[in-house]
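Noted in TrEMBL for the protein shown:
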BINDING   G11, S12, G13, K14, S15, T16  ATP binding site
Amino acid sequence: MQVIGLTGGIGSGKSTFCNLMQQHGIAFIDSDQIARQVVEPGSPGLKSVVETFSNEILNADGTLNRPRLREIIFAEPKDPQPREKLEAILHPLIREETLRQIDSYRQNPEYTQPYLLVAIPLLVEGILKTGRKPDYIDQIWVLDCSQKTQIQRACSRDQSSLSQIKNILGNQASRQQRLQHADKVIDNEKGLEELERQVELLLRP
Ligand code: ATP
């Protein structure tokens, strides 16, 4: 079983692709979901975040107040320290849970598929920062489409404004940087039928 790091920019079609692959029996692990799971109420992750940033980052019901945490982290844009402290808490927990989930597929005799997808939106950004890809990933697949298509699709899906989406795009890796790290490129410029056709080609024995 090959572990595939699946990535792509905002609105590039990662979730759509994972869902199509799932219909063909290929499982996926969602790293965004793991990132939320490790700071659920009662988790050691949330406890550490509170120890570092105080009760101020909790809502009244004990859940993480994400907007408040974001405010603290970006209060001094030139000071990377709060963000680095948060990452030092979360990254090992996210890695540990990802490894645990990968391992449970490896140990499952009923999971006989050739691939397991791990969707990591900021995979290439992480590689650019650390100089290496996560060691549990065998290949990187990139969902690729033009910025214009990304913006159109993200705008019609989200409540976010055009300027918010452009701002997110500007803070992500460029299309070129992502393509440079791709072992496989999935072209998602065209419609869903074309994406489905590529899924079938990928899974053809
Ligand atoms: P994000 O990282 O921003 O969460 P994503 O990469 O997971 O996004 P999706 O949510 O899969 O992207 O796709 C963005 C939007 O574009 C969705 O509304 C989806 O239905 C639509 N979409 C994806 N691929 C296609 C396609 N080939 N044709 C038409 N619409 C598409």
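Including glycine, each Cβ sits where the backbone N, Cα and C put it.
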Discussion item. Excluding near sequence neighbours, so keeping only residues 6 or more apart in the same chain, what lies with its CB under 8 A of G13 (ATP binding site)?
Written reply: L143, C145, R153, I186, N188, L195
Discussion item. Excluding near sequence neighbours, so keeping only residues 6 or more apart in the same chain, what lies with its CB under 8 A of G11 (ATP binding site)?
Written reply: T149, Q150, I151, Q152, R153, A154, R157, I165
Fill in: Count of other CB atoms lying within 10 Å of the CB belonging to S12 (ATP binding site)
26
Item to complete: Enumerate same-chain residues with a sequence separation of six or more from S15 (ATP binding site) and a Cβ-Cβ distance below 8 A; give 'none' if the list is empty.
Response: A119
Worksheet item: How many neighbouring Cβ atoms, not counting its own, are there within 10 Å of the Cβ of T16 (ATP binding site)?
Response: 16
Practice prompt. Report the residues of the chain - excluding G11, S12, G13, K14, S15, T16 - with C-beta within 8 Å of the mean position of the site's C-beta atoms, for the recorded ATP site, in sequence order.
Written response: G8, F17, L143, R153, N188
Item to complete: Only counting partners 6 or more residues apart, tell me which same-chain residues put their Cβ under 8 Å from the Cβ of K14 (ATP binding site).
Response: L6, T7, G8, A119, P121, L143
